[in-house]
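Below is one structure, written out as structure tokens, with a few remarks after it.
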Amino acid sequence: MSGSMFSVFSLLYLLSVCSACYISNCPIGGKRAIQDSPSRQCMSCGPGDRGRCFGPSICCGEGLGCLLGSPETQRCLEEDFLPSPCEAGGKVCGYEGRCAAPGVCCDSEGCSVDQSCVDGDGDATAVSQPASSQDLLLKLLHLSNPAHPYRLHQ
């Protein structure tokens, strides 16, 4: 009897440490299918299709800024129904985000002010002599609370 109990516990232990791909969250083609598929650019959105989708209701573009939850972002909802993942443009910033507009970092859940998304090399002279009022505002926000970025959620 004790041998069978040991076998049962051993089996349960092995099942608990194994990572499985369950039917509810397994991508088509298996766990590694998403990594193997080539990334595509996210759908265009906004007025005149000048922006790109960064989330289900986030549309950002150069010269456009970011639109959150507006009628222009409705097209971004379709992105969830496409079988392959997309990659929004811009360099990597924040935590799993991408630069969406000058000074703005967005991920699939929201956007935040991020100094690394401002064009330029970010040296000390840029802090002392900002190029525009937008740069000045971004620098003041960054200096006032560098530990907690200002996050705009939907």
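Glycine is treated like the rest: Cβ placed from N, Cα and C.
The disulfide bond feature in Swiss-Prot is assigned to C21-C26 (among others).
In the shown protein chains, 21 other C-beta atoms lie within 10 A of the C-beta of C42 (disulfide bond). Annotation source Swiss-Prot lists disulfide bond at C42-C86 (among others).
DSSP assigns C45 (disulfide bond) to a strand segment in the three-state reduction. Residues or ranges marked as disulfide bond by Swiss-Prot on the basis of similarity to another entry: C45-C59 (among others).
Taken from Swiss-Prot, the feature disulfide bond covers C53-C76 (among others). C76 (disulfide bond): 24 other CB atoms within 10 A of its CB, across all protein chains.
With a 10 A radius on its CB, C66 (disulfide bond) counts 21 other CB atoms from all the protein chains. Swiss-Prot lists C60-C66 (among others) with the feature disulfide bond.
Taken from Swiss-Prot, the feature disulfide bond applies to C93-C105 (among others). Just so you know, the Cβ of C105 (disulfide bond) picks up 29 other Cβ atoms within 10 Å once every protein chain is counted. Under DSSP, C105 (disulfide bond) is assigned to a strand (E or B) in the three-state scheme.
The annotation disulfide bond is assigned in Swiss-Prot to C99-C117 (among others) on the grounds of similarity to another entry. In the three-state DSSP scheme, C99 (disulfide bond) is classed as strand. The number of other Cβ atoms within 10 Å of the Cβ belonging to C99 (disulfide bond), over all protein chains shown, comes to 22.
Positions annotated as disulfide bond by Swiss-Prot: C106-C111 (among others).
Feature annotation from Swiss-Prot assigns glycine amide to G29; the stated evidence is similarity to another entry.
What Swiss-Prot lists as signal peptide is 1-20.
A simple Cβ count within 10 Å picks out one of the disulfide-bonded residues C60, C86, C93, C117 as the most packed, and that one is C60. Ranking the disulfide-bonded residues C45, C53, C59, C99, C105 by the distance of their Cα atoms from the Cα of C86 (disulfide bond) places C53 first.
Ranking the disulfide-bonded residues C42, C53, C111 by Cα distance from C105 (disulfide bond) puts C111 first. If you compare Cα positions, C93 (disulfide bond) sits closest to C99 out of the disulfide-bonded residues C45, C60, C99. Neighbour list (C106 (disulfide bond), Cβ cut-off 8 Å, at least 6 residues apart, same chain): F54, G55, I58, C60, C66, A88, G97, R98, A100, S112.
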